[in-house]
Structure formats: C-alpha cells, structure tokens
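Read the structure below first, then the notes.
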Amino acid sequence: MPFQDIGLNDGTKIPSIAFGSGSVNKGKDVHQYIEQAIETGFSHLDTAQYYFNEESVGKAIRESGLDRSEVYITSKYSNGKETARDSIEASLSKIGVKYLNLYLIHHPRIVPDYVGAWRELEEFKDEGLTRSIGVSNFGIEELQILLKHASVTPAVNQMRLHPYNYAELKPLLEYQAKHGIVTEAYGSLAPLTTYPGGPVDTPLKKAAERLGVTTTQVIFLWVKAKGAVIVTTSSNKQHLEEYLAVGDLPPLTPEEIEAIDAAGAQGPPKLSALAARLARKYRASGRSLGLRHLAGFVGIGLLFVGFEVFSSRA
C-alpha cells in the first residue's frame with residue numbers, strides 16, 4: 001500500500017515521505033525538481049530558510065495547480081540573528097502561502113536561544129501561521145531543556161539517521177518515543193552514498209535479493225520499520241519513483257532489521273568515515289567542495305589507515 005500518514009502528538013498527521021530541497025540543492029533554483037517530485041507523487045515538501053530556495057519551492061507549488069490543502073509544507077527557522085517571527089513571515093512570503101504545515105527550529109547551534117525561539121513557535125501555532133511545530137538536529141540534552149520550559153511538546157525531531165549511527169542515537173529515539181515526538185530521518189542512504197563497502201552492505205544485499213528490490217529501497221524499508229518519516233531528494237525521476245515504490249513493498253522481517261542494526265553497530269569503513277568527516281568540516285567552513293578536495297580527503301584517509309596498519313604491526 002502507498003506511504004501512510006503518521007499521526008503527530010498535536011492531533012495532525014504528516015506524510016511519511018518527504019522531498020527535501022536542502023543538501024546539494026542549497027541556494028539553487030529547485031522549482032523544476034519540486035515540480036518533478038510533485039508530478040511523481042510527493043505531497044510533502046521540506047525546505048528551510050537556510051536553503052535559500054524557498055521562493056523556487058513556492059513557484060513550483062503554484063505552477064502545479066494543486067490546492068493548498070493537497071500539499072504538506074515544512075520549513076525551518078535557521079537564522080538566530082533575527083527573530084523567529086521575522087523568519088516565519090519571510091518564509092510564508094517567499095513560499096507564497098498563508099500557513100505552514102510544520103515549522104522547525106533548524107539546529108540548536110545556529111539558534112542558541114532555542115528556548116526563547118520555541119515560545120515564539122508556540123505563538124505561531126496558536127495564531128495559525130503553522131499547524132505543527134518541532135525541532136531538527138536536537139539531542140537528548142537540548143530536548144530535556146526545551147521540555148522544561150515548553151507548553152507544547154515538539155511534534156517531530158528531524159535528524160540524520162542511518163544504520164551506522166542508529167546504535168548511537170537509540171537512546172535519543174527512545175526518549176522521543178516516550179514523549180510522542182516523531183523522528184524525521186534524512187541522510188539515511190549514507191551506507192550507499194558515503195560509507196560504501198561497509199558491514200551493512202551484506203544484510204542490505206541479502207534482504208534486497210529476497211524481496212527483488214534495490215538496496216536503496218531496503219534502507220527506506222528499514223527507516224519505515226523505525227517509525228520515522230523519510231526525508232530524501234533526487235533530481236532523477238527514476239530514483240523518485242524507486243523511493244515512492246517502497247510504500248507498496250512488504251516490510252522487512254524482524255531478523256533482517258536486527259541484522260542491519262547489528263552490522264551498523266560495527267561502524268562504517270574507517271577510510272570513508274574519515275573522508276566524510278573531513279568533507280563535512282570543509283563544507284562547514286563555507287568553502288566549495290570539488291573533486292580535487294575529495295581526492296585529497298581520500299589520500300589523507302589512506303595515510304591514516306596505513307599508519308594504523310603500521311602501528312598494529314610494530
């Protein structure tokens with residue numbers, strides 16, 4: 001059956017798969033990609049102030065001809081230097097809508113006064129500027145602090161979630177489940193795109209062969225099994241169709257889920273993990289990341305692995 005909506009703790013529902021306009025699309029005119037996603041069957045569109053492309057998201061929605069009620073729109077407060085009210089009003093204007101379905105605090109590091117910001121988000125919910133409110137990239141400590149002061153419990157926490165960080169995040173996921181906070185998962189394809197050749201590959205391939213599907217689809221079945229909303233993106237229509245087809249697939253068996261969890265707990269390949277970590281730090285500096293830089297990161301990773309091998313034999 002198609003992807004089902006997930007109930008939130010405020011009584012609303014959220015589509016369980018979303019098309020994201022961040023990542024490689026940051027700062028780009030994405031209206032053609034959004035149009036393609038809508039045509040393929042996505043109704044949940046995820047954007048943010050930080051992505052600098054809310055206008056093109058709005059353009060695609062208008063050109064789609066869909067009624068506002070047919071589209072679920074998420075955006076995020078990403079600029080701690082201005083008030084949350086200024087930010088949501090700017091987002092509503094750029095997207096061209098009167099309300100959002102979900103508004104998130106993008107990250108506790110870029111909105112340090114997230115407790116004060118949350119009070120504003122609660123006002124937005126009361127005023128009808130957004131139907132639901134939540135957070136993104138929050139850990140247990142930040143959620144605990146927030147809940148001490150909140151009148152409204154966050155409906156969701158959007159975070160990077162994949163088999164290689166699941167064991168680390170399990171306490172956070174359990175804490176969220178206790179408080180009725182739904183997980184939204186982005187970056188879930190990391191075992192294939194960032195950490196290929198790792199221990200997770202084996203259970204992914206085994207499940208894919210049993211079901212006659214791709215390993216990409218197996219990962220999304222794994223995310224579904226965790227009760228999380230999938231946030232993904234692609235400029236390739238065939239990939240979008242592949243993602244949406246997951247809604248019609250049978251679930252993974254408990255044994256397959258356990259095997260993926262166990263393999264992920266072993267950690268990703270050291271070389272790709274180090275290269276990915278260096279790449280993230282490089283991007284965080286605001287510089288562009290090209291093939292030459294990636295090659296450099298791989299070279300550093302090889303030196304690191306070589307040193308470990310030498311040390312182990314000394």
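Note that Cβ sites are derived from N, Cα and C of the backbone, with glycine treated the same way.
Over in TrEMBL, the protein carries these features:
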DOMAIN    21-263  domain 'NADP-dependent oxidoreductase'
ACT_SITE  TYR51  active site, proton donor
SITE      LYS76  site 'Lowers pKa of active site Tyr'
BINDING   HIS106  substrate binding site
TRANSMEM  289-310  transmembrane segment
May I ask which residues of the same chain, at least 6 positions away in sequence, place their Cβ under 8 angstroms from the Cβ of the residue listed as 'substrate binding site'?
ALA48, GLN49, TYR50, LYS76, TYR77, SER78, SER136, ASN137
One finds that other Cβ atoms within 10 Å of the Cβ of LYS76 (site 'Lowers pKa of active site Tyr') number exactly 29
The predicted model's mean pLDDT over the domain 'NADP-dependent oxidoreductase' (21-263) is 96
